[in-house]
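*Asks:* Below is the structure I would like to discuss, written out as structure tokens.
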Amino acid sequence: MSVRKMVAIDGNEACASVAYRVSEVAVIYPITPSSTMGELSDEWSAKGLTNIWGAVPQVVEMQSEGGAAGACHGAIQTGSLGTTFTASQGLLLMIPNMYKIAGELTPFCMHVTARTLATHALSIFGDQSDVMACRQTGFAILASASVQEAHDLASVAHGASLESRIPFLHFFDGFRTSHEVNKIELMTDDDLHAMIDDDLVAAHRARALTPDTPVTRGTAQNPDTFFQAQEARNPFYDACPAIVQSYMDRLAALTGRRYGLFDYVGHPQAERVVVIMGSGAETVAETVDWLVARGEKIGVVKVRLFRPFSVDAFVAALPVSVRAIAVLDRCKESGAIGEPLYLDVVGALARAKALGLRAGIVDPAVIGGRYGLSSKEFTPAMVKAIFDELAKANPKQAFTVGIEDDVTHLSLSVDRSFRIESADIKRSVFFGLGADGTVGANKNSIKIISDSPTIHGQGYFVYDSKKSGAITISHLRFGPRPIRAPYLIDEADFIACHHFSFLDKVDVLETAAVGATLLLNSPHDKDTVWDALPRPVQQTIIDRDLKLFVIDANKVAQETGMGQRINTIMQTCFFALSGVMPRDEAIEEIKKAISKTYARKSQKVIDANFAAVDQTLSRLQSVTIPGVLTGHALPPLVSAGAPDFVRNVTAVMLAGKGDSLPVSAMPVDGTWPTETARWEKRDIAQQVCSWDADLCIQCNKCVMVCPHAALRVKAVPAEAAAALPASMNSTPYKGKDDLKGSAYVLALSPEDCTGCGICVEACPGKDKATGARSLTMHAREDVVSACKENWEIFLDLPDVARTSLRPTVKNSQFMTPLFEFSGACQGCGETPYLKLLTQMWGDRLMIANATGCSSIYGGNLPTSPYAKDANGRGPAWSNSLFEDNAEFGLGFRLALDQHRSEAKRLLGALAPQLSGVLVDGLVANAANNDEAAIAAQRERVVSLRAELGGLTGWQARALEGLADYLVEKVVWIVGGDGWAYDIGYGGLDHVISSGRNVNILVMDTEVYSNTGGQQSKSTPIGASAKFSVAGKALPKKDLGQIAMANGHVYVASIAFGASDNQTLRALSEAVSYEGPSLIIAYSHCIAHGYDLTCGLSQQKLAIETGYWPLYRFDPRKMGVGPALSLDGVQPSRPIGDYMANEGRFRIIRDADPERYAMLLEAAEENVRSRWALLRQLAGVADEQEGARAAQ
């Protein structure tokens, strides 16, 4: 028997470790927060790791979760042992197959990271809404409450499914368990083999669908038999709970860890009991233990097997003394008398009474409550509030806990000061920025510390849906025994703030305990930092007697080649200051972790990290705390000029205090105001650009490529420029068009800039003698004050009239962007396209946005980057689902066309009472897209409303409501390649086949960027991505040529960094085309594995190597010449030049040179064949054929 290991891993890895080893086929699709399980399975399969039978499982990615369920269904029908991993909307797509699998009594186990379902809004965070939507599918539902349980009960689920023939849905709470890192004991292959009966595997094989012993399954049945067939499965469900318990007992015999279908924890004569499942059960159990030790007669029943629900087992778990029960559900079922678990408990008690199982026992009162929706915190203080409510003579029959419900008044009051954590647990909190490495370093820290046989660790990481550039908060606990505290730290003895600007924005010291240590990454040294701190921070440091240490981690990172990643430096400081383990030992372990973590990068990366570690401690400084307050007052989070909603709601969320907002503050239907990102001022850039007007050639390319619209330009009247302060540069406008005589003004919003440097990369204006550019990067501190003042002045300068501008790249940047300051990554390759759409058509723009990166940086609270013009018009934006975005956008078009048609009909009906010239003009220009014509049409609508005001009758009122639809609206359906190439492709294909006038923009990053970089069918040959770590062996799907085959679809392939003129031309032609348009836009991404400052040059290289052809296919040209125009240069460089720059290709080159050479050759052939076909379609003669013909 092999020896079991103690390891620090998260819930996803704990579960996947079992699922992979007891399966033969894993069919996967990425969705947060379950994706890691699929990623690990793919990685293990690529490495040749075997299951318990010595075979390497197949891991196959599908185009959607529905596809994954279908493939699993097929695999298990033919006798394989299958599994899949999913959550939320993905689980909903699997439900039809789940009914089939259960109805066919096919053993199967799926693992779910329980997550919120999208209702009024999407949420990636955890509750049990998705699992509860599956409770009538016929799947057994087994709940795990911790990382160890996610590991153990996965084996129970797989084993019990084989014996019971009931398929299992094994779940644990998304993020709270899936992403919590904890120290657990791993089951060995021998343990797992003892949990899986080979005879049952053979029986499953014997039932396989095969022509050797043919049967028919999946028949269509009629009323004479269907009902009876449904009831025929009853004995299997009746037997299932006992089978599950037998496997739990088998696990206990192997490992010593004992589980029950319902486990009771608490006083043996408890009078008040909570019933709960999932991670919250750990919080309740910990609180119960603490309160029972202090004399309370309380307890908790942990629900493990939710389906089939065993009345006998549940009643046996309840103390006979119980007088009041609170059932907690982590979901909301609107309109129901109660939530699912509550209803089951009430029903179980009624059934038990009818069966005499509780004869002579007083019936307890049962109340139901909701908690923890969308990962809302659930703490011991809230548990105490629930037990206090149960103690009342008339407790609330239905309640919520963790929020303030000032509308329906269901919420319980909570004493926030109630705490139960032991003093021997070390608690540390780290404030970082998404993609700065803080979270990764802290995960390594837990693993390093947990390697000690006497120390246990727990880590949990708080971040929003944005993957880069948002605040992350890491919560680490260490102690001498297993830690079961699935809630955030509220009293920390170590706090690290990795970005100095956070001190002005969030209450970093809110959880600081008396005497705690504060570590700051600071540009100020020990002698100057005190005066730079906000006054409230100084006050807290003094009041709580904090120890303060500083280090300029950014400077160390730059000097050691670490760029902007400060994680290793701050991690080293933590070990030096926290005392969790000896300093020298810690540094040695950090270096081991670095070597392991970056083994797939390069030795250069490893060496840079080593250098950073070695230089850190000499740069760490202790600060002597003065007894006086010298700091500045905290600036307001939003300015006084912000709208009421922004000041009263958005600002609270920006401060990290959104939990305090009451129910009454929330929009009831999920409708939120736009134009709120301008108040956020993230202020995260280390460097910002500075402009030398004398070197500027006024091309506006820098403004065009700015991903966050932080760099703007205006051409203003000379008299306005004359009034500008000396600190604000301007220069005479150099063009010969209508703007001649104006002053050219460039300005930057430093608090909205992310410091990506792409503007400098784009700048062609240079001093020929020195090579200096018109734009250069400077330390933020050197220029921020003047920049902020100049920005406010700039905003008040007059805008150029849109109607006076020809649609050129340069002129487009004089148009105010209505997409600004998003939460996208530094150097994002998607946002310039969206910004350009809003500059060109923003006041008439309707956007249907597929779920993905663009829906997160475009619609993730607390702010919206979409803005309004001076007239209050701007993009109307909505997100439906990942899979149906094309159809959703088509719905926009159908409604717009119907509204316009009805407006025209009403115009006709009211024409005798209206001006004939007005009516004719309105009808003739209802579909016009010309800028001047739009302005004229809007004036007509104003006149129409004036005339309608003098009319009576329903038709006049109806036309008033529809009049704006006589001005053409522009529909753009936007999303990424995961949507367009995979999950939404069927809908996209149907929409472009419909012939309707919609525009589709695919921002092609060639991976599922938002879920962490998994491969899509757009991923190119030779690239390593999650779900394809060994390098993709097949070429990228050619979406453009597929669309061109329709013949009636405008299709273009664009890359703004390589040809901004072609980009603008293609977008403009798409809008002008009266039919479906598809634009495929090259979008560089952090998932490509290089510094995105070089994104523009890499785009150009993509064109030069032929990797990304630029073209436009315009059906209007058919019959008069080739409809396809090739806009890019012919391939002039080997594609290897392009691939060598990106980490996604270099990983394969460095790890497996032989395979890389094979994939490179295949990529070169793919470029040749693709270009040959494009040249043929464009009617361009092959150069070699032309040469031979000339001979």
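Positions of Cβ are set from backbone N, Cα and C atoms, glycine also.
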*Asks:* In Swiss-Prot, the residues Cys696, Cys699, Cys702 are said to bind [4Fe-4S] cluster 1. Which of Cys756, Cys763, Cys787 is said to bind at that same site?
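*Replies:* Among the candidates, Swiss-Prot records only Cys763 at this [4Fe-4S] cluster 1 site.
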*Asks:* Which of Cys759, Cys853 does Swiss-Prot put in the same [4Fe-4S] cluster 3 site as Cys825, Cys828, Cys1085?
*Replies:* Cys853
*Asks:* Could you check the binding-site residues Cys699, Cys753 and say which one's CB has the fewest neighbouring CB atoms inside 10 Å?
*Replies:* Cys699
*Asks:* Take the C-alpha atoms of Cys1085 ([4Fe-4S] cluster 3 binding site) and Cys706 ([4Fe-4S] cluster 2 binding site) and report the distance between them in angstrom, rounded.
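*Replies:* Spelling it out, the Cα of Cys1085 ([4Fe-4S] cluster 3 binding site) and the Cα of Cys706 ([4Fe-4S] cluster 2 binding site) are 14 Å apart.
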*Asks:* List, by number or range, the same-chain residues at least 6 past the domain '4Fe-4S ferredoxin-type 1' (687-716) whose CB is under 8 A from its CB atoms?
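*Replies:* Sequence-distant neighbours of the domain '4Fe-4S ferredoxin-type 1' (687-716): 729-731, 733-735, 739, 742-750, 752-767, 772-780, 783-784, 787, 794, 797-800, 809-810, 812-814, 816-817, 819-822, 824-829, 831-832, 835-836, 1056-1057, 1060, 1096.
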*Asks:* Filter the binding-site residues Cys696, Cys699, Cys706, Cys756, Cys759, Cys763 down to those whose C-alpha lies within 10 angstroms of the C-alpha of Cys828 ([4Fe-4S] cluster 3 binding site); answer none if the list is empty.
*Replies:* Cys706, Cys756
*Asks:* Among Cys702, Cys763, Cys828, Cys1085, the binding-site residues in question, whose Cβ has the most other Cβ atoms within 10 Å in this structure?
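*Replies:* Checking each of Cys702, Cys763, Cys828, Cys1085, the winner is Cys828.
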*Asks:* Going by DSSP, is Cys753 ([4Fe-4S] cluster 2 binding site) part of a helix, a strand, or coil?
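*Replies:* Reduced to three states, the DSSP call for Cys753 ([4Fe-4S] cluster 2 binding site) is coil.
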*Asks:* So of all those binding-site residues, Cys696, Cys699, Cys702, Cys825, which one's Cα sits nearest to Cys759 ([4Fe-4S] cluster 2 binding site)?
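*Replies:* Closest by Cα: Cys702.
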*Asks:* Near Cys756 ([4Fe-4S] cluster 2 binding site), which residues of its own chain have a C-beta under 8 A away, given they sit six or more steps off in sequence?
*Replies:* Pro707, Gln826, Gly827, Leu1092, Thr1093
*Asks:* Helix, strand, coil: count each for the residues of the domain '4Fe-4S ferredoxin-type 2' (744-773), based on DSSP.
*Replies:* 5 helix, 7 strand, 18 coil
*Asks:* Using the centroid of the Cβ atoms of Cys706, Cys753, Cys756, Cys759 as reference, list every other same-chain residue with Cβ within 8 Å of it (recorded [4Fe-4S] cluster 2 site), in sequence order.
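*Replies:* Neighbours found: Val688, Cys689, Cys702, Val705, Pro707, His708, Ala710, Leu711, Leu748, Thr754, Gly755, Gly757, Ile758.
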